[in-house]
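TrEMBL annotations:
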BINDING   Gly163, Glu164, Ser165, Gly166, Ala167, Gly168, Lys169, Thr170  ATP binding site
COILED    896-947  coiled coil
COILED    1203-1265  coiled coil
COILED    1319-1353  coiled coil
COILED    1408-1469  coiled coil
COMPBIAS  1102-1122  compositional bias 'Polar residues'
COMPBIAS  1167-1180  compositional bias 'Basic and acidic residues'
DOMAIN    8-60  domain 'Myosin N-terminal SH3-like'
DOMAIN    69-761  domain 'Myosin motor'
DOMAIN    1532-1809  domain 'Dilute'
REGION    640-662  region 'Actin-binding'
REGION    1094-1124  region 'Disordered'
REGION    1167-1193  region 'Disordered'
Amino acid sequence: MSVGELYSQCTRVWIPDPDEVWRSAELTKDYKDGDKSLQLRLEDETILDYPIDVQRNQLPFLRNPDILVGENDLTALSYLHEPAVLHNLKVRFLESNHIYTYCGIVLVAINPYEQLPIYGQDVIYAYSGQNMGDMDPHIFAVAEEAYKQMARDEKNQSIIVSGESGAGKTVSAKYAMRYFATVGGSASEANIEEKVLASSPIMEAIGNAKTTRNDNSSRFGKYIQIGFDKRYHIIGANMRTYLLEKSRVVFQADDERNYHIFYQLCAAAGLPEFKELALTSAEDFFYTSQGGDTSIEGVDDAEDFEKTRQAFTLLGVKESHQMSIFKIIASILHLGSVAIQAERDGDSCSISPQDEHLSNFCQLLGVEHSQMEHWLCHRKLVTTSETYVKTMSLQQVINARNALAKHIYAQLFGWIVEHINKALHTSLKQHSFIGVLDIYGFETFEVNSFEQFCINYANEKLQQQFNSHVFKLEQEEYMKEQIPWTLIDFYDNQPCIDLIEAKLGILDLLDEECKVPKGTDQNWAQKLYDRHSSSQHFQKPRMSNTAFIIVHFADKVEYLSDGFLEKNRDTVYEEQINILKASKFPLVADLFHDDKDPVPATTPGKGSFSKINVRSARPPMKVSNKEHKKTVGHQFRTSLHLLMETLNATTPHYVRCIKPNDEKLPFHFDPKRAVQQLRACGVLETIRISAAGYPSRWAYHDFFNRYRVLVKKRELANTDKKAICRSVLENLIKDPDKFQFGRTKIFFRAGQVAYLEKLRADKFRTATIMIQKTVRGWLQKVKYRRLKGATLTLQRYCRGYLARRLAEHLRRTRAAVVLQKHYRMQRARQAYQRVRRAAVVIQAFTRAMFVRRTYRQVLMEHKATTIQKHVRGWMARRHFRRLRDAAIVIQCAFRMLKARRELKALRIEARSAEHLKRLNVGMENKVVQLQRKIDEQNKEFKTLSEQLSVTTSTYTMEVERLKKELVHYQQSPGEDTSLRLQEEVESLRTELQRAHSERKILEDTHSREKDELRKRVADLEQENALLKDEKEQLNNQILCQSKDEFAQNSVKENLLMKRELEEERSRYQNLVKEYSQLEQRYDNLRDEMTIIKQTPGHRRNPSNQSSLESDSNYPSISTSEIGDTEDALQQVEEIGLEKAAMDMTVFLKLQKRVRELEQERKKLQVQLEKREQQDSKKVQAEPPQTDIDLDPDADLAYNSLKRQELESENKKLKNDLNELRKAVADQATQNNSSHGSPDSYSLLLNQLKLAHEELEVRKEEVLILRTQIVSADQRRLASRNAEPNINARSSWPNSEKHVDQEDAIEAYHGVCQTNRLLEAQLQAQSLEHEEEVERLKAQLEALKEEMDKQQQTFCQTLLLSPEAQVEFGIQQEISRLTNENLTVTKGTPADAREMEDSPCLMRACRLVSRGSKDLKELVEKLEKNERKLKKQLKIYMKKAQDLEAAQALAHSERKRHELNRQVTVQRKEKDFQGMLEYHKEDEALLIRNLVTDLKPQMLSGTVPCLPAYILYMCIRHADYTNDDLKVHSLLTSTINGIKKVLKKHNDDFEMTSFWLSNTCRLLHCLKQYSGDEGFMTQNTAKQNEHCLKNFDLTEYRQVLSDLSIQIYQQLIKIAEGVLQPMIVSAMLENESIQGLSGVKPTGYRKRSSSMADGDNSYCLEAIIRQMNAFHTVMCDQGLDPEIILQVFKQLFYMINAVTLNNLLLRKDVCSWSTGMQLRYNISQLEEWLRGRNLHQSGAVQTMEPLIQAAQLLQLKKKTQEDAEAICSLCTSLSTQQIVKILNLYTPLNEFEERVTVAFIRTIQAQLQERNDPQQLLLDAKHMFPVLFPFNPSSLTMDSIHIPACLNLEFLNEV
């Protein structure tokens, strides 16, 4: 391909630019050889004439096609050069906000200066297990690559993070360590990963500081080795540090700070524990205030200090040591603030003894104040003969003070690093390690000193190692692909390294000058000029004699020699160190001692490099006889060599951090700064090495799919793709050196892919032109036909229009003639009508005149007649009115008479009771008050009548006396007496008149008040009616509102309850999951302990002790139901668990009896309350304050007696129960045999008999009391019945006499009272009648039920044998007598009273009940003996027939085919009750054959969940025999056996599904046959017979439910583990629709170092086949359909999460074709769900985010309408996910446009109102809470057949 073909018109190139570094332009005409310039058009449409260097033939760099811009890997670019790299990084950083980009093996990380949500746990799990390059570039991808290579190659790894200050090195290293801590969590409980992460805050506090370029710049280098064991779990770590910038302790430039720990300590100085530090604000100290501002925006030093203290505590640093550290740091601040005063002579200095800072310094370090004061200003000179003490000048003292401060801080820094290593050290053997190197990048400033020299020296060494490693990888790739390769010339910086570290190099000369007594920086610089002036890497500046220039690999750097010697010596005077050694604080003294042990080195793992020892970078300090140790340069060179040895022994991974701008602006890109760093960090060197060889690499399959359009049709017939690719390339690229054919790939030189892309685009363009030509021709033909048809149509319409116009003219002419005719006719008719009307008017007036004359005459005659008529009428009316008035008067009189009669009748009626009742409705209270008044008036009447009788007697006596006196006076004449008598008569008359007037007044007031009361009553009645109406209306409204509100509230409450239930279920299942993990961890640790101990066996627990508590954490019996007394509990505790377990059966029986008695007591109490309510109602119905009220004392006495009797009986039974417990416990202590021995049984019977006898005695006493009370009640009732007659006679003694109105009212009230009494008696009789009717109905229903039961028992009896019929009849008779006895003892209170009235009946009932109990006990004994004999007989018969039956079954099993289903339901034997019996010693064999060693294939043709049915039948027999120990042991062994099987087969889906179905079925059986009515609704009568009788296994159901949850979670985990490797390949990468997707350059993706050999691609059919296999297995094993639905819902959610997470993290799959593939794949999965009838599981709803993501990839992304459509469609995607997909969207060819930044901003603006979570990825490990709905079985236990293959011959059918 010639240059002219490349530099043709429209070709885009890069030209240099002073501002943007590189600028894009486009050629306006073709370039020809010999042209001196290029005609270019810039992006702003300006034309530029770009000159060309003809001699060098340096044409501008070509620009890559747009399809390659924004690639994840820079090596995938066709043209590899600096502008292409810079432009690709800029596009990714600014437009897509991608901060990570691959450059071959290097990860380029650009600091965004903003927190991004791409480092969460979900992102870590998304990158875990992925190949490097499969996902978008990320620091986690590099960490995963290192972790995977360590595990696969068993070789140590290193991650080298470098870059400028502020580029993000520390953060990147921190995230890498977080990834290792998450993925390789520690296997022990030491939490090493947390300690590794906790070391970061400490190292940042003591080693980081604010600089002009970074607020948190690391001023030291560190290499952290994270150790792993054989399982690749973190077991320890070790840290090495390099070149701490000690000079920062004593000096900071403007706008910089000292180390963070100083400011943190000053911020916390106010704490009480830090008062002795004597610290104040940081501005008050010299060492912390030189840079100006002491604070950092957005940083809280006090909060950071608290984090530092917490990290110290987590790493095990004691509080005392922490305080010592803080004292040393505070002492450095005080030392820097010591005031030094120069003397007059200038050669000596002094310090004031009262200097506060010096006193604090000495106090904090525990040294002598006077000595330190002296030796800070003096120094000692030692010669061979004498020792001199010499004063120092001010500058010398300041230098010595600063050197001491730096030395103290350096020693403290080393001590902290050493103790961090001790905390991270482990005693376990290290198998391998991963090192993370966080080291400074290449630095160049205006003034460069010794620190920059060492940093750049280290970067030279690292660059050399980097170049050799990149070259090595290229060589390995070529050799693997069998491509002939030539030596690539790459930059070797060994000469520059030799200049620095070789013999007589810069460092050697520096050390030599340091040894010279009066060596200076100028002398050393002169030696450098003399020695190295001929070196090509060394230069001397023109304008300076104290500086020198070194040509580094990145740039030229000018170093100023001032201070090199001082910094290299790091001089600290021996006298000052000796003072510190003598400190009274141990930590301070230890810092400066020489005999410290080094930090124990971690031993690397296996391999060829295992002999390298890893030790601390700080070499051991050896103080010479003089005042110094080894130089800093020598120490740094030694540690750097050790680092390079370690890195060369590991596989390195590179992370290059780039600082995009110096202003720390988020997402702002400065091209100049970026290019400087790219050149310095070696990225461009990697590009150059790649470009020198074959940078572009394509797999044959990908190349064929991408460029098949360039293949001729006849070549496509060949099936060998390699041959097709070979022939195509030979035809297209003539130069064979431009490409090479490897074993699996095709290698291209730089620019060849762009040339192929150009040919492909030309091919597409040619095809597009042909398609356009054809389409345009077809469009023109269609247009011509359309025009022709339109022309014909127009002609037709025009001719029609002309014809219609002619017809219209003819029609108008004819219409005009007709109009003329009608108009003329109208005019003639109007003239005729006018004449006619005039004649008629004349005639009318004439005739009217004659008529009026006649009318006047007639009118005269008519008026006379009218006058006569009116006169006659008036006379007739007057006569009629007279007669009518007379009749009205008569009628009024008659009506008045009638009305008076009716009024009298109404008054009588008004005085009646019924009328008053109607009038006084609702005024009962008023009536009661009136009744009370009447009673009082009656009493007053009685008293007044008595007084009246007394007064009448006195009056009669007085009258007689007066008569006698009258006779006496009559006999004695005289006028005076007559006059006196007349006066008395007159006075009596006046008094009588006064009395009559008063009576009239009283009558008037009475009538008036009566009328007012009547009116008031009427008004009240009206108001009452109105209030009732309003109340009804309000009630109706309230009911309507309450119904609506209740419906709404009920819906909301249901939703809330469902949500809370789901959350609670999820939390509970998460707890179960955590418990199972802890249990698994415990088992693993126990296994390891057994392996370590090397013991041949293990100790067993006692056989009679339960192990369920340790395995399942559920006790077998609730402790809340044990009892009420403390004695029994204490005795059980004294006996111990082993012996107390024996009385559990008796204990459960007694407990059951206590429950029954409690229920009976509750029922009786309810009946008593009902009776009391009835009595209270009767008492309320009777009128109060009357003499005929019934006395309730009898009922209350009866009820209290009955309650006391029940309480005493209950208390007695509880005491008996406690005595029984004690007796059983004593028996258990005396005899360890079974609890069913005859002695204990007889003891129980004796105690029960004594208790019953005492109870009978108490009952007889109570009955005697009852008879006495009843007789007293009868006498009281008789006296009450006699009282009303007496009262009736005595109430009205004057009833026969004539009474007035008041007497009538009193009589009326008496009648009302009698009426109420009669009504109360009538109501009482009606209530008794209703109760009697209800009682008769209940008896009728009971008789009907009894009849039905008798008929059923009769039918059952007919089917039994004669002996069984007799036995059955006895049982029925006993049960009947027992029921009758119970009904007698539990009757109603009325029945009880009847029985109390008849003592004989009570005694007979007691005898019957006692006899029935004795008879029942006797029958139970006989039944037990009979069952024992039958069992023994069956055992002997079975043992005799076992061999024959086993041989016959084995023979028949051999003849059957394996695939035929066995007949599981055989003919039911008459005596088989669905129970299986086994001996206690056969339990282990049962569990082994049925659980531990059982294979699901053995039961392929049997009933699903057969082991569950067999286990339940065994449990049922243990329940039938009332053996709680057997039930407990069997269930515990079963659960432990299932756990053991699942642990052994933790990756077997079939086995896990098998035991999930069996566990669920056993759980369903325990529910179905529990006896709980809620679970028995679907049972048949036969199934109800198989229910458990004695034990409540609710707690075991909970244990089985938890076990089912654990098995379900293990099942999901296995299924996800099988499906997860297939998902990404099948859903995103495989071409379900052939030819739809295009392939883009992939760079280093799927390189050999990233993935193992072999093709791991899957298609969608593989996933469907696997899910078909899962579905078949679960259905065949009888798993509940509801659980199957939940399994596939979970699996589909996992498919959705994994696919969407990969889509969000992969740029290469975010395209239109991927969206089409996804929609097709999802439709296939939906079709599969419908085909398996699983569409109701909700699995499709879990795929909704993925469906919307696929639609988002296919939608238009240009206009505002498109943005609105996207926002309305993507409701299941968060804003971050939508923006991320739009940023990642990549066109597959140049004809498709990219998503613009403006469109993405529009989407973000419209989605601002959403409250989406900040999480970018879906939680792939999220698990929906599982539900186990109750699913009863239709099989009966007696129809289950046990196949012989299970080897369960020892089970006996009962």
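Here the Cβ of each residue, glycine as well, is placed from N, Cα and C on the backbone.
Because TrEMBL annotations are produced automatically, they should be read as predictions rather than curated entries.
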For Ala167 (ATP binding site), the number of other Cβ atoms found within 10 Å of its own Cβ: 25
Long-range Cβ neighbours of the region 'Actin-binding' (640-662) (under 8 Å; 6 or more residues past either end): 89, 93, 103, 105-113, 139, 142, 145-146, 149, 153, 155-169, 172, 176, 213, 223, 240, 242, 435, 437, 441, 457-458, 461-462, 465-466, 469, 604, 609, 612, 614-615, 617, 668-670, 673-674, 677-678, 681-683
Residues that sit under 8 angstroms from Gly163 (ATP binding site) by C-beta distance, when 6+ apart in the chain: Ala109, Lys169, Gly441, Arg656, Cys657, Ile658, Lys659, Gln677, Cys681
Additional residues around ATP, ordered along the sequence, whose Cβ is within 8 Å of the centroid of Gly163, Glu164, Ser165, Gly166, Ala167, Gly168, Lys169, Thr170: Asn111, Asn214, Ser217, Ser218, Gly441, Cys657, Lys659
The domain 'Dilute' (1532-1809) [mean pLDDT, rounded to integer]: 85
Fewest Cβ neighbours within 10 Å, where candidates are the binding-site residues Gly166, Gly168, Lys169, Thr170: Gly166
Other C-beta atoms that fall within 10 angstroms of the C-beta of Glu164 (ATP binding site): 25
Secondary structure tally of the domain 'Myosin N-terminal SH3-like' (8-60) (DSSP, helix then strand then coil): 0 helix, 26 strand, 27 coil
Listed in sequence order, residues with CB under 8 A of Ser165 (ATP binding site) and six or more positions away: Thr211, Arg213, Asn214, Ser217, Ser218, Tyr440, Gly441, Glu443, Lys659
